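Below is one structure, written out as structure tokens, with a few remarks after it.
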Amino acid sequence: MCGILAVLGCADVSLAKRARIIELSRRLRHRGPDWSGIHCFQDCYLAHQRLAIMDPASGDQPLYNEDKTVVVTVNGEIYNHEELRAKLQSHKFRTGSDCEVIAHLYEEYGEEFVDMLDGMFSFVLLDTRDKSFIAARDAIGITPLYLGWGLDGSVWFSSEMKALSDDCERFISFPPGHIYSSKTGGLRRWYNPPWYSESIPSTPYDPLALREAFEKAVIKRLMTDVPFGVLLSGGLDSSLVAAVASRHLAETKVAKQWGSQLHTFCIGLEGSPDLRAAKEVADYLGTLHHEFHFTVQEGIDALEEVIYHTETYDVTTIRASTPMFLMSRKIKSLGVKMVLSGEGSDEIFGGYLYFHKAPNKEEFHRETCRKIKALHLYDCLRANKATSAWGVEARVPFLDKSFINLAMDLDPEWKMVKRDLGRIEKWVIRNAFDDDKQPYLPKHILYRQKEQFSDGVGYSWIDGLKDYASQHVSDAMLMNASFVYPENTPTTKEGYFYRTIFEKFFPKNAARSTVPGGPSVACSTAKAVEWDAAWSKNLDPSGRAALGVHDAAYEDVPEKTTVTANPIAANGFAVTGAVEFATASPASA
């Protein structure tokens with residue numbers, strides 16, 4: 001993942017302003033430690049921090065057309081760049097970068113070329129011939145982008161909020177699947193699939209078509225010139241990514257350069273469900289497996305950095321981002337710069353445990369639509385920012401545009417949980433890869449029950465966070481939370497604790513408004529909480545909150561252990577003594 005910063009229409013064109021833009025761009029250097037570039041044209045600045053994945057030798061940015069009248073700074077990967085180059089044979093390319101096609105496509109097709117791109121991307125393009133500019137974000141919002149406005153009339157774009165929050169009067173999360181055009185002065189949606197309207201589809205289930213589409217999605221993401229691997233939790237989604245990648249790796253270009261044995265990575269507390277399952281999958285697939293451990297205390301100590309990098313106070317996101325953040329640091333230390341991950345499957349197929357209570361296929365489908373539309377605020381944000389904090393790029397095959405369009409056109413009746421028919425959550429994708437002749441995975445892995453990442457790394461991780469937060473947030477603080485934080489008021493001590501850290505880094509109203517709110521149970525939207533009257537009394541994002549659904553629900557009796565609290569907590573309060581947290585019993589682990 002790279003970092004982009006663009007400031008267009010500044011009133012100030014002094015050397016001091018240029019120095020300020022460079023200073024702000026450096027706040028994104030963790031995203032792209034390999035090279036820094038800036039292009040200045042009159043009152044417009046395009047800056048770039050590069051993580052070199054494709055063409056490390058010559059693909060530095062900003063990128064240009066032939067006569068350098070079109071300038072573009074891009075964060076992302078364009079998987080169909082070779083196909084697009086073939087359509088641009090009259091154009092002369094300067095680099096081997098997959099992103100260079102954007103400048104030439106604009107020359108050839110104008111602003112309407114964005115839907116031709118197959119990949120994950122955020123970019124800003126400046127046409128110096130008339131000083132017009134466009135910015136766009138990929139269909140789902142896999143790569144982050146923020147849009148801001150300065151008091152001097154300038155328009156700002158940045159990969160992360162931290163590069164514009166000090167200088168913009170107002171800023172928002174750039175909506176996925178949209179383009180901003182200076183010619184029209186606003187945003188418009190370029191991605192308009194049938195599912196976006198939430199109309200109920202009726203296409204019959206074709207398991208082989210679903211399997212083929214997913215395999216294509218994984219294979220195209222093996223496009224890299226640097227070492228890579230797969231984040232393997234041992235759950236269904238990451239295991240399928242690893243199984244497909246290992247099956248097809250030998251036939252790719254990258255295998256000739258880096259070898260045909262796949263590297264896999266997993267993190268968890270000692271004895272966690274994910275570690276055991278991931279090791280079993282890795283042994284089955286024959287991958288070179290790397291297992292990392294962390295303690296609850298190490299996770300707690302990292303919370304402040306995690307919140308700074310992920311730029312959120314959402315409880316679910318922080319719980320899951322912390323182990324991913326710690327794992328990414330280890331991965332980077334091994335020389336790996338790109339990983340494949342399993343995000344998106346639960347949203348597309350209704351994999352979260354609360355989907356068991358969907359009252360009908362219409363509600364089921366609409367909830368999947370709502371979840372996909374919000375991915376850029378949750379799982380995409382986490383996967384991107386937790387990894388890019390250490391200069392690692394995460395690619396997500398389940399969020400392939402073609403795969404989503406196929407999967408979301410399926411009659412949702414096939415996706416629903418049908419216990420009497422032996423269909424658990426995500427049965428349609430499990431069944432698609434249930435091949436007895438050439439099995440992708442062992443049966444019990446293929447049909448392993450859903451674990452949210454923050455649960456699977458070890459149930460005591462969440463319990464430890466709750467207990468730690470309770471040492472920092474008093475009953476009186478939580479009781480007065482609505483006066484201190486009237487917007488998205490935290491309802492738990494854990495949420496309050498994260499909010500205090502977030503506000504220290506991002507104190508503006510605009511910043512807190514970029515984080516979603518509302519009631520949720522087991523990662524549901526607020527609308528789905530209505531599916532079960534009991535859920536309103538147990539509003540916790542952990543998968544175990546889906547009472548009566550998860551095999552290791554809260555009724556398990558935990559053992560107790562003790563962790564010494566950090567003397568200086570993340571929010572600056574002094575802490576003394578010890579913090580108790582619950583470790584999962586053998587039955588729940």
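Even glycines carry a Cβ here, placed using N, Cα and C.
TrEMBL entries are annotated by machine, without manual review.
A quick note: this is a predicted structure, and the numbers were derived from the prediction, not measured.
Taken from TrEMBL, the feature active site, for GATase activity covers CYS2. Summarising the annotation, TrEMBL assigns L-glutamine binding site to ASP98. What TrEMBL lists as ATP binding site is LEU231, ILE267, SER341, GLY342. Taken from TrEMBL, the feature domain 'Glutamine amidotransferase type-2' covers 2-185. The annotation site 'Important for beta-aspartyl-AMP intermediate formation' is assigned in TrEMBL to GLU343.
Taking the features listed in TrEMBL, we show where each one sits on the structure.
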{"residue": "CYS2", "record": "active site, for GATase activity", "contacts (Cβ under 8 Å, 6+ apart)": "ARG31, GLY32, HIS48, GLN49, ARG50, LEU51, GLN61, VAL74, ASN75, GLY76, SER159"}
{"residue": "ASP98", "record": "L-glutamine binding site", "contacts (Cβ under 8 Å, 6+ apart)": "MET54, ASP55, GLU77, ILE78, TYR79, HIS81, GLY119, MET223"}
{"residue": "LEU231", "record": "ATP binding site", "contacts (Cβ under 8 Å, 6+ apart)": "SER238, THR264, PHE265, CYS266, MET324, MET327, VAL339, LEU340, SER341, GLY342, ALA394"}
{"residue": "GLU343", "record": "site 'Important for beta-aspartyl-AMP intermediate formation'", "contacts (Cβ under 8 Å, 6+ apart)": "ASP237, LEU375, ASP379, CYS380, ARG382, ALA383, ALA394, VAL396, PHE398, LEU399"}
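Mean pLDDT across the domain 'Glutamine amidotransferase type-2' (2-185) comes to 95 in this model.
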